[in-house]
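Shown next, in structure tokens, is the structure this report addresses.
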Amino acid sequence: MFTARQIFAQVQRRGFAASARQSSKVTVLGAAGGIGQPLSLLLKLNPRVSQLALYDIRLAPGVAADIGHINTKSEVRGYDPTPSGLAEALKGAEIVLIPAGVPRKPGMTRDDLFNTNASIVRDLAKAAADHAPEANILIISNPVNSTVPITAEVFKSKGVYNPKRLFGVTTLDVVRASRFISQIKGTDPANENITVVGGHSGATIVPLLSQSGVNLEGEQLDSYVRRVQFGGDEVVQAKDGAGSATLSMAMAGARFAESLLKAAQGQKNVIEPTFVDSPLYKDQGVEYFASNVELGPNGVEKIHPVGKITDHEQKLLDVCLKDLAGNINKGVKFVKENP
Ligand SMILES: NC(=O)C1=CN([C@@H]2O[C@H](COP(=O)(O)OP(=O)(O)OC[C@H]3O[C@@H](n4cnc5c(N)ncnc54)[C@H](O)[C@@H]3O)[C@@H](O)[C@H]2O)C=CC1
Ligand SMILES: O=C([O-])CC(=O)C(=O)O
């Protein structure tokens, strides 16, 4: 039997343990880039982050010196572009975000980035598997449909793959989906929660309006779906050769990291859409798929099924699955041929 005093002491200790868990190291690889800088800024503003480790092949110590002056409690450190700098940046990380790699220019698809970004992500994944094998790995670098399988293959080859801790960040698709529908309906996007499933490029992005009680038809529905699927192209064209979405992506990446931290720190019912190793369409040869995922202290807690959809949405999903299988196989093949 415990005395009231002992119970109180235990509660206090648990309180401390909870706040100890609330000290989390977050690492950004590609931290000096168009996404990396604002993403690092937003992470510095997040009180759940205790240490922020910034790594890039250029400028990370400069970005860290700048962000480090912001008067929030977390410690910020920038690392030199050396193997030991990368190792130090990764050691002890709870979350590793990877926005390293080249962005699109007008006229390119995300798949056109494969030749450059596949090897960048493969090499960073190798370092993460060696120095942060238990971290949650959040892949932002495109093409996400292929870079997630690339990362999985690297982790598998090193014997440390945990499918519950690898995430393709597709948050920007749902951010756009809710913003674009709010523009049509004249509502507050904060109240618009649109499910988006599939992958993260063109036809593999499938918004499921019917599940949100929104009833668009004909050309209005088609143009909405097109805008969500090709929202990235809208930004690429507007930036006219100077890159792709960076600021909205930073917000989306920071939101996803925040959700993981909340879930790790004990919050229940934290659900985000994300591209993960998923049982939903494995029987059709699609090993990874984005759907709503409940997050928990171990990463993926529960993968939600797609649920009831309309015939129109089923047609979109059929096209998505075909494209997705090709993108995934390309990533797997790359690592097998270029280990
Ligand atoms: N998942 C998503 O929803 C989105 C993904 N993206 C993707 O994110 C990636 C980055 O985009 P931006 O930040 O605009 O590009 P950026 O060119 O502005 O920044 C990329 C950064 O990565 C760094 N980098 C390159 N190789 C590296 C390596 N081996 N190790 C560490 N850092 C390295 C570069 O020095 C640069 O600072 C692109 O592939 C882009 O397509 C962009 C928007 C949305
Ligand atoms: O469109 C791109 O290349 C960048 C991206 O993934 C997005 O904005 O969704």
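Backbone N, Cα and C atoms are what each Cβ position is placed from, and that goes for glycine too.
Copied from TrEMBL, the annotated features are:
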type	residues	note
ACT_SITE	HIS200	active site, proton acceptor
BINDING	GLY30, ALA31, ALA32, GLY33, GLY34, ILE35, GLY36, ASP56, ASN117, ILE140, SER141, ASN142, MET249	NAD(+) binding site
BINDING	ARG104, ARG110, ASN142, ARG176	substrate binding site
DOMAIN	25-168	domain 'Lactate/malate dehydrogenase N-terminal'
DOMAIN	170-335	domain 'Lactate/malate dehydrogenase C-terminal'
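Within the set of binding-site residues GLY30, ARG110, ASN142, ARG110, ASN142 have a CB atom less than 6 Å from some atom of ligand 2.
Across the domain 'Lactate/malate dehydrogenase N-terminal' (25-168), DSSP helix (H, G, I), strand (E, B) and coil residues number 64 helix, 28 strand, 52 coil. For GLY34 (NAD(+) binding site), the nearest neighbour among the listed recorded positions (ARG104, ARG110, HIS200), judged by C-alpha distance, is ARG104. Close to ALA32 (NAD(+) binding site), meaning Cα to Cα within 10 A, are none of the recorded positions out of ARG104, ARG110, ASN142, ARG176, HIS200. A straight line from the CA of GLY36 (NAD(+) binding site) to the CA of ASN142 (substrate binding site) spans 14 Å. Same-chain neighbours of the substrate site beyond ARG104, ARG110, ASN142, ARG176, judged by a C-beta within 8 angstroms of the site's C-beta center, are, in sequence order, PRO103, PRO143, VAL144, HIS200, SER201, GLY232, ASP233, VAL236, SER244, ALA245. Secondary structure at MET249 (NAD(+) binding site), taken from DSSP and collapsed to helix, strand or coil, is helix. Site extent for substrate: among the recorded binding residues ARG104, ARG110, ASN142, ARG176, the largest C-alpha separation is 18 Å. Counting only same-chain residues at least 6 apart in sequence, those with a Cβ under 8 Å from the Cβ of MET249 (NAD(+) binding site) are ILE35, LEU39, PRO99, ILE140, LEU172.
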